[in-house]
Amino acid sequence: MSAIFNFCAGPAMLPPAVMQKAQKELLNWNGQGVSVMEVSHRSKEFIALTEQAEADLRQLMDIPFNYHVLFMHGGGRGQFSAVVNNFLGNDGKALYLVDGSWSKAAVEEAEKLAGKDKIDTIDIVSTVQGKREVSIPDLTQIDKDYRYLHYCPNETVDGIEIFESINSPWPVIADMSSNILSRKIDVSQFGLIYAGAQKNIGPSGLSIVIVRDDMLVLPSLPQSSIMDYRLAVENDSMYNTPPTFAWYLAAEVFSWLKSVGGVCEMEKLNLEKAKRLYQCIDELDFYVSGVAKQNRSRMNVTFQLTNSELNSQFLEEAQVAGLVALKGHRSVGGMRASIYNAMPLEGVDTLVEFMQAFAAKHS
């Protein structure tokens, strides 16, 4: 069977080495004679797995000692509500920067839980010469006392990524569901980072939360116990039965990432993948990117065909060529190639060759 390259935005492809190992030990994990899905989450063998997973993630991201690492339920949307309930209390306010679909969704959830009067927003995307770009205002000039500032540094639907640091007088909370572990970041600049696992970490059903000590003293609202960060810390992410198979696969992804050189090497690869794909889009009049170069996502490359009548044919022929899940999000249309950490350079090169051939045939 010829190679299939999966460009799905999430759940996304996992490293083949991780999938092969999971397949090999599916029925007999760690010499136990049973699957990892069948062992107690409180067994010494599984506890050892969780401890190694946290240690590897701390090493990969250089997470300081005053941060807790939590493995939780709920995905990104679950964290939309958890952030509000854990930190706003009865009288807190928060500021949300909006740069695309997911940050808008976070605002909607926050307003539903806390009320619109407690949530302020700033739209940081504008269109300049037909391209969407990000402009972050001087936040130090805002004379308000917010519990936190929330933003999404990579918008999967819109293909927009923010690479600059946020200079905020309030604790910064970042939804890094789609770009965590894709490039080096300074964790100490954030009060909290959360990420749904299903793009760069593992399968859906798990979310990673990295939270600074001082955030946990903020007043909270009544909420579900399984989304309470304080209870999660006190119980080592095991207040209730966690998604053990997803945790296991996340641990294997962290191990794999270390084996290929860590985040620094992955960042170099991701830069090269994005460079080759955007270069193809820019060099051919057949395709167009609607995002300014400085804000083009390295993870989610969105583009349009100048002749939209060819969209269906493009997708059909791509499927035949082994290039799957290239259809853009229904809200924006066009195409989207998600090239997360697990996507090899070969997959991007194969896509570029297909795009060049398709353009030559239909120009």
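Using N, Cα and C of the backbone, Cβ positions are placed for all residues, glycine too.
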Co-listed pyridoxal 5'-phosphate-binding residue [Swiss-Prot; alongside Gly76, Arg77, Trp102, Thr156, Gln198, Asn240, Thr241] among Asp56, Asp123, Asp175: Asp175
Arg42 (L-glutamate binding site) in three-state DSSP notation: coil
Cα-Cα distance, maximum over Gly76, Arg77, Trp102, Thr156, Asp175, Gln198, Asn240, Thr241, record's pyridoxal 5'-phosphate binders, Å: 31
